[in-house]
Every structure is written in structure tokens, then in C-alpha cells.
């Protein structure tokens with residue numbers, strides 16, 4: 001057997017872009033932080049728990065490093081996935097204590113961002129069933145099932161298609177929220193919010209039979225109702241992202 | 001076994017209690033043994049609309065707590081055969097409505113009655129959730145204006161996910177819409193949502209459209225369900241809705257503005 005013909009390497013490095021959110025702290029009081037984090041987690045537990053976060057402690061300059069280290073620990077205990085500290089003078093002082101890398105963002109001087117894979121977990125909320133986990137025997141045929149919703153999505157409901165596309169056959173009411181890691185298809189009228197590619201897939205699109213949305217977003221870029229022209233609303237719309245611009249076109 | 005129907009809306013003041021009283025009376029008039037329960041613990045209203053407020057001894061919470069039997073608490077309607085009212089408590093709050101207690105009362109009523117109507121309080125808190133939890137179907141009461149429609153939409157979402165039926169995997173609760181306080185003249189002027197608009201937004205079957213009418217207010221003040229006022233447009237609209245509820249097909253009436261003659265204009269009839 002020729003050793004060079006083996007197709008599988010033990011490890012492989014790949015470059016990928018990820019969308020990262022910055023958690024800026026304005027208060028080091030444990031109780032107030034605790035309450036604020038709880039409130040945010042309740043809003044969208046699935047999304048928040050899997051969101052890669054950078055912590056920005058710069059507004060807390062003057063707070064003791066020990067206190068800051070404790071605060072970071074507290075944030076982790078809440079289930080937020082911290083991947084680093086947003087660069088700054090305060091961040092440098094606690095980098096070692098927290099065990100987090102200091103990450104410089106912006107411009108072309110983007111530092112290395114550690115790669116991570118979010119592991120799908122059992123979903124906690126009622127309205128967002130996680131796609132069934134299938135035992136993938138061969139990675140080649142790995143397929144993330146789309147989440148298909150047969151009912152109208154009503155005001156106050158939130159549906160999240162983790163790791164895949166979301167297909168809604170009915171109407172999405174004002175006050176409802178659709179989230180998908182992939183594309184979103186709506187075969188009724190879209191009056192609520194639709195956020196495609198929420199974990200950074202810039203090629204994600206939103207397709208809808210009729211667009212009258214409160215908000216549309218792809219990979220973190222968004223347009224609110226006020227920014228959607230009357231001419232852009234209407235039947236058979238396609239929402240795409242080009243650079244940093246959300247485009248709406250007719251299908 | 002009785003069929004349990006929740007009359008709900010989300011928003012307050014849209015006509016849930018008026019509808020509960022009218023529909024319960026309508027079902028009883030058709031010969032079905034019907035109980036109507038006031039779930040608005042703390043804000044008793046149903047007994048007023050039904051005109052039995054002076055005969056309330058025990059209430060729903062007394063029965064849940066075991067202080068009184070159902071037989072003692074149920075008030076037999078004086079006007080209509082087959083109709084019974086279970087009033088709300090005015091001295092308690094909605095925490096008194098436990099899932100177990102409500103379930104037991106409904107079970108016991110189910111042995112004897114054909115229909116149980118649950119008059120839900122406004123909001124989406126405990127009282128409203130308990131009124132809907134055990135239901136077999138829902139009548140969602142909506143006014144033709146945007147905030148009422150949005151709240152009804154929210155309520156429909158809750159009915160689709162937080163009822164016993166939904167939790168047991170039987171899918172969303174079958175729900176139909178009753179549009180009340182409909183004023184065709186104002187729809188024509190563009191001041192009010194039309195029936196078509198509301199149906200389009202909520203994607204739900206229409207059980208009935210009740211016109212805005214002085215007769216509703218008169219009936220409430222007199223403590224008489226408006227369905228008994230057979231001359232009034234609102235009373236007739238409720239009769240139609242009850243007939244449709246029982247499976248009969250009837251065309252919707254009172255959807256277009258009445259052209260008023262010169263006399264009508266003079267007397268603002």
C-alpha cells in the first residue's frame with residue numbers, strides 16, 4: 001500500500017470568516033449583570049447560547065482586574081460562548097487571568113480568529129424544534145434537514161432553523177420572527193421579521209411569495225421596515241446580500 | 001362528553017363576555033345543555049351580562065378549592081332552559097386557577113353538559129391560558145382594528161402551542177374568528193379594516209360578523225344576552241354564528257352599509 005494515496009489527513013487547516021458579536025460591559029455590578037444577561041437569554045436562548053462573543057471591557061477601565069476576571073467568569077457560567085477579549089488596554093491586563101486571547105478587529109489587520117464548530121444541542125424552547133440528529137456514517141452525504149413549518153407563524157412566535165433552511169408554508173404575521181442559519185422561504189405573506197444566515201452565511205437568501213416585512217436581515221446586515229421602499233414590497237421577492245447592502249428584487 | 005369551547009381574544013373590551021353570553025344562550029336555545037364559565041377571576045362580568053348577579057352565592061374558585069360543590073355554584077338561567085352559569089370570584093386573583101382544579105371542574109361538568117363555554121379574561125396570562133388549556137376548540141373575538149387583530153394573532157399562536165391538545169401533539173387548536181363591532185360605513189370610508197383584510201391577516205375561518213349596534217349596549221345594561229333580542233341586527237348575527245358553529249351553512253349578513261333614506265337620515269336611525 002502506498003502511504004501517499006490515503007485520502008484522509010489527520011488534521012487540516014481551513015480559513016473561514018465568522019460573524020462575531022461584541023458584548024460590551026458598562027457595569028461591573030454582579031447582580032445587575034446577572035439580571036441583564038438573564039433577560040437577554042430569555043429573549044432568544046438558542047441563538048444567544050451559540051453566538052460566538054467577544055467581550056469588550058474597555059468601558060470598565062478603573063475596575064480592579066480581579067473583579068473583571070470574575071465578571072468574565074460569570075458571563076461564561078451563563079452559557080455565553082466567549083472566544084476572546086476585544087483588544088484594548090484593559091483587556092491586556094486580564095487576558096492571562098481569563099485565559100482568553102485578545103483579538104484585534106477591523107480593517108485589514110484582522111487577527112486570527114480561533115475556529116470553532118458549534119455543536120448542535122437539544123433545543124430548549126417550544127417553538128424552535130431542533131432538526132433531528134441523524135447518525136452520519138459518511139461525512140460526504142452529510143445533510144442538514146430543512147425545518148418545514150406548515151402553520152402560520154403568529155405574532156410573538158419565534159422559529160429558528162438551526163444549521164439549515166427554514167421553509168414556512170403559511171403567513172408570517174407582524175410580530176413573528178424567523179431565524180435560519182441558511183435560507184428562508186415563505187410561501188405566504190411575510191409581515192414579520194426574517195433573519196437568514198444568522199451565523200454569518202453571507203450567501204443566505206430570503207424568498208417570499210409576498211414581502212411586507214418589519215425587518216429583513218442576512219448575516220447580520222439588516223433593513224428595517226422604514227428602509228424598505230413601497231416599490232420594493234410586493235409579490236415574489238428575493239432578498240440577497242451584496243457586500244454590505246441588502247438587495248430586494250423580483251423573482 | 002361535553003365539547004369545551006374557549007371564547008378568547010388577547011385584547012380586552014372587544015366583546016368576549018357579550019359573545020360568551022350570546023353563544024351560550026344560542027346553544028341552549030337549540031336544545032344543547034350548556035354551561036358558561038367566567039374565567040375572569042377578580043373582575044366578575046359574565047353574571048351581569050347574563051342578568052344573574054343577584055343570585056351568585058358560590059363561585060368558580062369556591063368549587064376549585066372544594067368549598068362548594070358544582071351543583072351549589074352553578075346558576076340556572078331563568079330565561080333559557082338548559083343554560084347554566086358558573087360565575088367568577090371577585091375576591092380572589094387568577095392564581096387561584098390551578099391546572100388541576102380547572103381540569104377537575106371541567107371533567108365533572110363534561111359528564112352532564114353538551115357544551116362548556118369558557119369566557120376568557122383579556123391578556124395572555126394565567127387566567128387566559130387556563131381558560132384555553134382544556135379547550136376542544138376556540139372562538140377568537142376580534143374588532144376590525146389593527147391592535148385587536150395583532151393581539152388575536154398572538155392569541156392564535158398561543159392556542160397553537162400552549163393548549164393540552166397542542167401539548168399532546170394533536171396540532172393547533174381548531175379556531176374560528178368572530179368579528180364584532182363591525183361598521184360597514186366606516187370600512188367604506190377607510191377608517192376600519194374590512195372583513196377581507198382581517199381574514200387575510202389572520203388566515204382563519206370566519207364564524208360570524210357582528211355589526212356595531214346600540215342593541216348590544218342596551219342588552220348588556222338590561223342583563224340580557226343580545227341574542228334574545230331577535231329584532232336587532234347584532235342578535236340576528238349571533239344567531240347566525242351559533243347556527244354556523246353547529247355546522248349549518250349560512251351566508252354572512254350585515255357586511256355592507258345600509259343606504260339610509262331621507263327619514264333615516266333625519267332621525268339618525
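Even glycines carry a Cβ here, placed using N, Cα and C.
Curation does not apply to TrEMBL; its annotations are automatic.
Fair warning: this is a prediction, and the values are worked out from it, not measured in the lab.
Taken from TrEMBL, the feature domain 'CobQ/CobB/MinD/ParA nucleotide binding' covers B:5-226. For B:11, B:12, B:13, B:14, B:15, B:16, B:17, B:18, the entry in TrEMBL reads ATP binding site.
Candidate binding-site residues: B:11, B:16. Fewest other C-beta atoms within 10 angstroms, B:11.
Same-chain residues at least 6 positions away in sequence with a Cβ under 8 Å from that of residue B:14 (ATP binding site) are, in sequence order, B:141, B:142, B:143, B:148, B:180, B:181.
Cβ neighbours of residue B:13 (ATP binding site) (same chain, under 8 Å, six or more residues apart in sequence): B:122. Across the binding-site residues listed here (B:12, B:15), the residue whose Cβ sits among the most other Cβ atoms within 10 Å is B:15. Same-chain residues that are not part of B:11, B:12, B:13, B:14, B:15, B:16, B:17, B:18 yet have a Cβ within 8 Å of the Cβ center of the ATP site turn out to be B:9, B:19, B:122, B:141, B:180.
Under DSSP, residue B:17 (ATP binding site) is assigned to a helix (H, G or I) in the three-state scheme.
In sequence order, B:38, B:40, B:45, B:46, B:49, B:119 constitute the residues six or more apart from residue B:17 (ATP binding site) in its chain with CB-CB distances below 8 Å.
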